[in-house]
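What follows is a short report on a single structure.
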Amino acid sequence: MTITPLMPVYPRCGVRPVRGEHCHLIDEDGTHYLDFASGIAVNLLGHSHEGLISAIQKQAETLMHVSNLYGSPQGEELAQMLVDHTFADTVFFTNSGAEAVECAIKTARAYHQYEGNEERFEIITFKNAFHGRTMATISASNQDKMHKGFQPLLPGFKYVEFDDLEGAKAAVGPNTAGFLVEPVQGEGGIRPASQEFMQGLRTLADEHDLMLALDEVQCGVARTGTLYAYEQYGIVPDIVASAKGLGGGFPMGACLATEKAARGMVFGTHGSTYGGNPLAMAAGVAVMKAVANDEFLAEVRAKGERLRSRLEQFIGNYPDLFESVRGMGLMLGIKMKGEPRPFMVHLRDHHDLLTVAAGDQTLRLLPPLVIGDAEMDEFFDKLSAGAADYVQEIVS
Ligand SMILES: *Cc1c(COP(=O)(O)O)cnc(C)c1O
């Protein structure tokens, strides 16, 4: 037998974290890594946030799980917080991002089918998007590497170039149910959509009675400096998929919708055994209490601006290595001149700095949102040293 007990779908590296402290991960062997990956935009309160820990501990002692067949004071509390702080009128809780996107897709289709428009099932999505790894969510992406081995895909998706409003307009037809789009592409390389594009999609959706569904699984929950990224585009979506940061490390997600958009999501149409369980809800409430306020969000914006302007200055020292800085808030990327992976590995293995490679030759920087000045300085120390000896290595 050569297969590993963990199904070998991930090319795992040698870093084996066993403990987390604020913005650092501590390895089996005691190495402290500065964490600018945050479990891929998950650990927004860092790794040992007291409020989050005690909320989970308390709930675990009180009631961990009950069925959705019963009333849920815990779910009502978090749903009400999300409704109060967003466009949404109603929320379905899931256990992951992909499930939140699944719910968004089902909600968009059900809206039309419950109106009697069975032919309107097609969702227009955008190239290089990432929506998750379930059959529907890989079908929603045009990326062949995610499809290989898993055909046939789910029908009913049409792919258009990201940020191409004319392309989106041309793709709308009698079968269109709506759009599914990341306001800031994450895996695709930290690419924020333009204002014109997002506003144009809203207008198209209004003109044709289409659902505008946003995948904010990565960019949502304070990451970009507003609770959700759509706020910075001056638009109101119909549906938003949220997850990652929402549980601060506890696995959970949510599908947010307006009352109109959720018209088809009636008794018996959808469900989840674990979705919205009290333990997850306690984590979500603790996260929302920490981040859904003006002070915290203003801090994220200020830190994001500081990080960005220091990065912009820094990359000027290495014009052969780096091209540009992009992103919003603390969801930033450095577009590199070549593949980002070797540099990510170099920073990890020689400078104990964790970042994430993404598409479009981009190195992703996703620090915990609670990062302080000391960790910001530590980051630039590591990045400067890392770039200096990486360039040496390439030259020699
Ligand atoms: C991570 C991610 C998902 C999938 O989330 P999972 O929790 O891994 O299922 C979906 N959409 C976007 C934009 C993501 O970044």
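Quick reminder: no glycine exception, Cβ is built from N, Cα and C everywhere.
Here TrEMBL flags G97, A98, F130, D215, E216, V217, Q218, T273 as pyridoxal 5'-phosphate binding site. The secondary structure of E216 (pyridoxal 5'-phosphate binding site), as reduced to three states from DSSP, is coil rather than helix or strand.
According to TrEMBL, the feature N(2)-acetyl-L-ornithine binding site maps to R133, S272. Taking Cβ-Cβ distances under 8 Å and a sequence gap of 6 or more within the same chain, the neighbours of S272 (N(2)-acetyl-L-ornithine binding site) are N68, F92, F93, T94, N95, E99. In the three-state DSSP scheme, S272 (N(2)-acetyl-L-ornithine binding site) falls into the coil class.
Positions annotated as N6-(pyridoxal phosphate)lysine by TrEMBL: K244. Long-range Cβ proximity for K244 (N6-(pyridoxal phosphate)lysine), meaning a same-chain Cβ under 8 A and a gap of 6 or more residues, is found for I40, A41, V42, G97, V217, Q218, G220, V221, G253.
For the pair D215 (pyridoxal 5'-phosphate binding site) and R133 (N(2)-acetyl-L-ornithine binding site), the Cα-Cα distance reads 14 Å. Filtering V217, Q218, S272 by Cβ distance to ligand 1 (under 6 A) retains the following binding-site residues: V217, Q218. Cβ environment of R133 (N(2)-acetyl-L-ornithine binding site): A98, M146 lie under 8 Å away, each six or more residues apart in the same chain.
The binding-site residues considered are A98, V217; of these, A98 has the fewest other C-beta atoms within 10 angstroms of its C-beta.
Fewest other C-beta atoms within 10 Å: among the binding-site residues Q218, T273, that description fits T273. Looking at the residues that bind pyridoxal 5'-phosphate per the record, G97, A98, F130, D215, E216, V217, Q218, T273, the two CA atoms farthest apart are separated by 25 Å.
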